[in-house]
Amino acid sequence: MKKQRNLRSMAAQAVEQVVEQGQSLSNILPPLQQKVSDKDKALLQELCFGVLRTLSQLDWLINKSMARPMTGKQRTVHYLIMVGLYQLLYTRIPPHAALAETVEGAIAIKRPQLKGLINGVLRQFQRQQEELLAEFNTSDARYLHPSWLLKRLQKAYPEQWQSIVEANNQRPPMWLRINRTHHSRDTWLALLDEAGMKGFPHADYPDAVRLETPAPVHALPGFEDGWVTVQDASAQGCMTWLAPQNGEHILDLCAAPGGKTTHILEVAPEAQVVAVDIDEQRLSRVYDNLKRLGMKATVKQGDGRYPSQWCGEQQFDRILLDAPCSATGVIRRHPDIKWLRRDRDIPELAQLQSEILDAIWPHLKSGGTLVYATCSVLPEENSLQIKAFLQRTADAELCETGTPEQPGKQNLPGAEEGDGFFYAKLIKK
């Protein structure tokens, strides 16, 4: 039996590690969830994701309630108060229970002397909630994004930035990819209906289904047998442009966790696929995905800037480069991105993308296809990146995705759509 732990203090410490130490929630959360009961796993996730999604608001409210910020060893208490405020604002947890559990969290973080302070701030918010929220709704913090990112979105999308921000602040839809080697999408939707769930087919991507209500994977018909994979619709869009064929040699570069590797093999089961990623730890998930789906690919650890180290002089018929990026298109799915990224990261990422593109291009056969993709919405990583590549690469030609002046196709996040994603299809002359 799992030891009873204070979830509020665990959530506070996790959020502190993200914001103060730059750690990814996807690395922090799973080990924490192993320490709590199954019924508490979902609540711990909700508290962590929710606080990170609304961090600007919670920070603003605390600053209004306290004369000076908490620093040093008391900083965890700041995040514990955030967890308390989030529960009062956004959950159905009875206020008395939210307060009691949050105040008790002070003992778990070894700050029992601050129980009174935590209780006082939360009760003050309850008394002044209406006035505080009215004032908050006129502040810049209401957009729940860091100012540097807000400025970039406003510059890139003067007409659409608010809808992008609103989409980023919502809970993401759950998209699935139906394995066409097992069932047609319509057949699987009928199985889903029999299981008491409802799904909606994507209009453009032939394998994509959006669940009406997110569900645990073990409840999905045939998940363990490889009939279905959790993958956002926009990520599935890569196959529309890559169009892999049986018998071809195909490179999936920056492949982890393997969603696109396995999609290539569903579309072209007899393709010879090489999946490469720089992160050896994340490559284990590529193996896991291949195993669950009963597929085979050559999996290698390697740096995209130095392809000769892992593929020699080999050339490929098609290359999918899902480039390392700011991930500003998937904020609704990973709200910690807002607080992990910095403005200075963008030119550094653009430089890295440029180096990988230049290094991998010679490994594409003449007449071959390279699809450049990112889960970013920032032009520096997307249209401007491809525009510069076309200008310096004489044998590269843009195909089907945009114009040389405005290259690529940009998806923006939407409530019933996929994540923010960019694609450019390039042909080697």
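Every residue, even glycine, has its Cβ placed from backbone N, Cα and C.
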Same S-adenosyl-L-methionine site per Swiss-Prot - residue from Asp303, Asp343 joining Cys254, Ala255, Ala256, Pro257, Gly258, Gly259, Lys260, Asp277, Asp322: Asp303
Recorded positions compared (Cys254, Cys375) - highest count of Cβ atoms within 10 Å: Cys375
Binding-site residues compared (Ala256, Gly258, Lys260, Asp303) - the one with the fewest other Cβ atoms within 10 Å: Asp303
